Every structure is written in C-alpha cells, then in structure tokens.
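Swiss-Prot annotations:
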BINDING   17-24, 81-85, 135-138  GTP binding site
DOMAIN    8-282  domain 'tr-type G'
Amino acid sequence: MADSYDLTAIRNIGIMAHIDAGKTTTTERILFYSGRVHKMGEVDKGTATMDWMSQEQERGITITSAATACKWKGYFVNIIDTPGHVDFTVEVERSLRVLDGSIGIFCAVAGVQPQSETVWRQADRYHVPRIAYINKMDRVGADFFRVIEMIRKNLSSDAVAIQLPIGVEEAFSGIIDLIDFKAYIYEDESGEQYQERELNPDERSKAQEFRNLLLERLAEYDDSILEKYLEAREISPAEIRSSLRKSCISNQIVPVLCGSSFKNKGVQMLLDAVVSYLPSPLDIPAIEAMDIASGENVRIKPEVDAPLCALAFKLASDPYVGKLTYFRIYSGRIKAGSTLFNSRQDRKERFTRLLKMHANHREEIEEACAGDIVAGVGLKNTATGDTLCSENHLVLLETIDFPQPVIDVAIEAKTRADQERIEESLRRLAEEDPTFQTRQDKESGQMIISGMGELHLEIIIDRLLKEFKVNANIGKPQVAYKESVKKRTAAEVKFDRQAGGRGQYAHVVLEVLPLAEGQGKRFADKSSPEAIPREFIPAVEMGVREALQAGILGGYPVDDVEVVLKGGSYHEVDSNEPAFKIAASMALKEALENAQSVFLEPVMDLEIICPEEYLGDVISDLNARRGRIIALEENRDTKAVKGLVPLAETFGYATSLRSLTQGRASFSMKIKNFAEVPESKSREIIARRYGLPV
C-alpha cells in the first residue's frame, strides 16, 4: 500500500475519449481489479459506479467528470472519468488542468473520432503525458494497426505499440507484451486469471518486428538505448521501461496498449502501464504562479512542508453535505477545519470537512497534502479556477478559461413560488458549470438559459425539474447570437438630474473599438484623475459591462469590443457612483448606434460519415444550409465529409441526415468560432426577434 504522502507513488490520471469508446467501462474494470469495488458495474444496465447521476444512467453516457481513487501494486491512483460528448467538453478541460497524466481510449473499429481529436488537443495544450488504449478488440471490424496509424496521422503523435493483440474480433484471446516478450492468454470470463506463456514461432516473428520498431523510436530520444541498439547488444526489459517512462513523461512517445474492457481483457496491464509510464507529481514541471506581494512569477514545487497552494477546479451540489469544492493541492497541506485564503476573491475561507470522493460516495479524511485531489465542504465564496493558499504566502495560479455558450432556451416559472426556486436553482447550476449561463431578456422579460448544445440544456432542464423540483414552461432551443461592432466610434453623455435637494451629475466620454473574433469584452480607462476621480471608475466600468449585456440590434450580448473611457467631468457635491454608472450606460448605447453593429453567430465544425452512394445528396444538403466543405476523406467503406456550418442551420439535422441516407450516416459537431451573419439573415433574425413578418 502506498503512503499518500509518498509523492513518487501517486498518479493523478484522467480517462478521456470520444463518446462510446469505453471510458466508463474501463474505469469500472480498473476499480474492480484494484479491489476498490467488488462487483463490476455496467453502463448499459445503468449500474456503473462512475455514472451516478440519474440522467447518466437513463442515457448510458457520462455527463459530469467523476473522481475516484484506487491502489495498485503499492501506488495510489486518483482517477477522473470524463465525458465523451462535445456538449460537456468543459468537464474535460477543467480535469486536464489539474491532472498529471491521462489514458486516451480509442475504439478499435472507429479509431480516432472527432471528440478524440478535441480532447487530445486539450491534453496537448496542458502538456499532459498520456498512454493510448485501443479498446473493443473483440468487435467486428477491429483493427489495432489501423488505429495506431490514425493516432500518428490525425493527432500528430508518435504512437508506438508496446503490446500486440492475439487474435482479433471474436478470436481476440490475449495480449503479447513486447517488452517482456511474453504472451498472456485470458481463459475465464471475469478476466481475473490469465495464463503467461512463451511466444510461438509466428508470434515471435511478428513481436520481434514491432519490438525493433519500439527500440528504434526510443533510440531517437535516448542515447544509451541508441548505443546498445547500434551495437546489437541486449537491452533488458528494465532498461526499455525506464527509457519509455522518460519519453512518455516528456511527451515524445505515446505507448499504445490494447484490450477489451467489456470482455475483461487487458485492464490489469493497462494499470501496470499507468504506474510504470505516467508521471508522479514530482515528475512534471513545477506549476507557475504569481507572487501577489512582488508581482513576479514563482514556481510552486510539490512539497508537503511548503506553504499551501491549491486550485479549485470543480464545484458540485451534494444533497447531503451541500456545496462541494474539488481542488488539486500543488504544495503544502490542508487539515479539516482549517482556514485558508482565496487569493482571487481576496477573502478568507474555512473548510468544515475534507473528503475523498468515490463518484458520489464520500470518505471523510483529516488531512490532504501536495499531489492530492480532494473535495472540501464549507467554502462559500470559492468559484471554479480560484486559487487557495496560505494567508502568509499569497500566490495566484492561472485560472481556467471556458468556451462561450452557443444555444439559448427561454424558461418561465409557472407560479411566483417557482420563480424564486428557479432563480436559486439556476444560480447553483451556473456555479457548478461555467459553460452554463443565465440572463434576463430585456425585451420579453423572460429568463434565458444558455449552454453548449441541445443535450447540455436538455440535461440542465431535466435536473431543474427532477432534482430541484421546479415547475416551469420550457421554450424551444434558439441560437445564442451575439452582437459586435465594425466601426470605431465615440459618444459623450452628461447626466444631470436636479430634483430638489442633492442632485446627480456625471459626464463621460467613451470610445468603442471593434476587436478580433474571440477577444471578448475589454474596458480601459484613459481619463485623467482631474476629469473623473478614481473612485468613480469602477461605477463607469459596471455601467459599461451591464449595457454590453444587451446590444441595439436584437438585445443580444455584445462581444469582441473594447470600450475606452477617454474623459468627462464631475461635480464635487452632486457626482456619485450611481450617476456615473447611468451616464456610462447611456454613452455606450449612443456609441453602439453609430458603430455599425452586426450579429455574430456560432459556426460549427461538422464531420459526417456516410456511404459513398449518398455523398452527393449529403454535400448538396450541406450547401443548402450555408455550409462550406473543408475536406473529403476516404475511410475503409465510407466517406468522411468535414465542413463548417452555422449552428442555426443544424436544428433537426439528425432527422434530415437519417432520411437522406436511410439511417446509414452519422455526424458529430463542435463549436469552431463566431462569425458575422450575412445581411439577409440579419433581417430575418430581427424580424423573428420582434414578431415581424419574415
């Protein structure tokens, strides 16, 4: 058993893949073989330990990342099982931010799929070392070697087999270990027992070929391996493992394994690879933070006796303990009941309880240390991306960035009592999920909820109705348009109200500038303290930001703009914060009137897999939807169409594609960017928005 304070024996890993590649089934087998659970859960029966939400059990998919931990051969493994559906990519993003390594799971039939690419790029961004596991080797059409080629080509990764399958499809019966040069045959259904044997002549020939490929790849990065390889000297399994570990941790090589998690084959060897090749907290570069006192960047080393530094990466509601805050400890230690400092919020927080999570089950602990991932109860003001640290050593970690929502749904309470419950429920859900947002429509007064896709909002609404017991009328999904500007413009407003007694006075001059796509909203103060005292600047910014929530074309949020406060004036007696907030809001509205406002719409990356005989119809339909073809790729029996299409044109696409291809095509899509809406479509949006004839 590993001591949780022995950092060399800790592995913090994530499990990531496209939907239906077998992530949760693999996690269930890991928990069973490690002794963490005593019965295997099954996704299709709704009994998976990690899919504990009712919405996950009903749909057979993972919706929220679930944390657990197990022990394997003296190592302590923290595991986060992440969703594979594009609507829940935020769960992958925030998990990878705090993990040291990951397992990328690929279906042996489908290979690299669209969401496989998305999560792989996310792991690239955070420099997370990973191993690849080609699952479902028992399925008809399984091709281990084809999937390795896809990983190399589509993911630009140096994928190298360290195992070979024995048999394929129904004949898949075991695994060849290229490092130990042994065969392992599974004989019982549970997979708990497997027999080791020597390789037969045919297996030996194939294994030698791939072992040489492995050694050649290692020799590129390891001089000691290169020297022995060139001199034809024997290289021991221990030397290969040591070299492979270094190459994996430095993201030079991705070791590739195989198995069938559902048929209980290959999972124990996958666990061996996790502890052998993925890093401990000591093996990865120390994380950077800003020292608040000096303003300089410092490196936070994973030391138990150092000052505390931790990152809150996930919030969740628990029916028994209330708000749970998940966090990764980078240095120091935390005790239950201790007080710490939230440096982003600039306030103290106190833990009442510390918990080790196993999906939705809680294990109370007294202390947690550097390298660990735990949950805390009692943090009232901490949000996702906040830094928790010692009060005598204030540091700030880089926060976590999340994509903007792309789809809206109107929601309306059935009674006044439900209205209050809706507002509180939505606040809690938005606290948990940074890609879920709420706002009130200025025109209709309706509450608008926004998310990453139809399934995302469907799950949110289901939770509102079932978990929070809210009675509400739900509208149809709508595109979450944004507004922006194309022209630089300025406006000047004097707000002067005198109505007996003390008046209100504020004078502001604002300039509005367009920004490139994805730059968000910026506010800059270039006024002089003599024109506007510094204490009124936050009120000006607040007025600007509130006014940006509703543009002048259709009342949609304004984005990709910079608003600059150029100047103004004040009155020593009559000026106050509310006056400057009102003046700033009025000036911004006036500036937007002259800034050539436009609509921005979400554009989706679309990939369609279809038989060749339907290709013409699929492309014609895509063109009619304002789509643009980017690439056509050959698969074994199908064509892959990759393109861009506005989200507004994709509602009901699943039904249309089924009709066009007699149900023989599939598609997936994810947000690419926001782009300007053509003028003809803009007129349609305005007409629909205000109930005018289109």
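Cβ coordinates come from backbone N, Cα and C, glycine included.
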Number of Cβ atoms other than its own within 10 Å, given for Asp20 (GTP binding site): 18
Per DSSP, three-state class assigned to Lys23 (GTP binding site): helix
Arithmetic mean of per-residue pLDDT over the domain 'tr-type G' (8-282): 87
Under 8 Å by Cβ from Met137 (GTP binding site), counting only residues of that chain that are 6 or more apart: Ala108, Phe144, Pro165, Val168, Glu169, Phe172, Cys258, Gly259, Ser260, Lys265, Gly266
For Lys23 (GTP binding site), the number of other Cβ atoms found within 10 Å of its own Cβ: 27
